[in-house]
Amino acid sequence: MKLDLKILDARMRDYLPAYATTGSAGLDLRACLDAPVTLQPGETTLVPTGLAIHLADPGYAALILPRSGLGHKHGIVLGNLVGLIDSDYQGQLMISTWNRGQTEFVLNPFERLAQLVIVPVVQAQFNIVDDFAESDRGDGGFGSTGRH
């Protein structure tokens with residue numbers, strides 16, 4: 001798949017999104033910052049990437065996901081948990097960054113902060129019904145299938 005990428009900050013030419021390994025599903029996104037930013041515990045900020053994408057095809061979307069090491073080691077996750085980039089969005093990719101840890105965290109310019117994953121999308125059309133065909137589960141919700 002070819003993906004249109006617009007470089008909004010010339011410094012990002014040296015830090016284009018890349019797959020870390022041949023098996024990677026996510027492209028690393030970096031913080032496009034002029035200076036380090038300190039996030040206090042509980043603080044959230046929007047971090048620019050200096051990049052924009054345009055998927056164009058409504059059969060695809062992009063997800064911005066946290067990097068596992070930052071969340072596990074430092075408590076740095078996404079403020080919106082998952083960022084959804086629709087196929088027709090053309091603005092700068094921004095990363096909502098939340099320090100849920102107990103200590104301050106310093107985010108340095110061009111540090112890898114999140115990952116971008118391209119996923120297929122199916123746009124559903126509703127079929128209005130009075131009742132559903134019966135299933136084994138029915139309307140059983142939270143915990144209805146047992147604990148073990």
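Indices start at 1 and increase along the chain as displayed.
Cβ from N, Cα, C; glycine included.
Taken verbatim from Swiss-Prot:
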type    : residues                                               : note
BINDING : Arg67, Ser68, Gly69, Asn80, Leu84, Ile85, Asp86, Met94 : substrate binding site
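Figure note: comparing Cβ neighbours within 10 Å for the binding-site residues Leu84, Ile85, Met94, the maximum is reached by Ile85. The record assigns Arg67, Ser68, Gly69, Asn80, Leu84, Ile85, Asp86, Met94 to the substrate binding site, and the maximum Cα to Cα distance across that set is 26 Å. Around Arg67 (substrate binding site), the same-chain residues six or more apart in sequence whose CB sits under 8 Å from its CB are Asp28, Arg112, Leu113, Ala114, Gln115, listed in sequence order.
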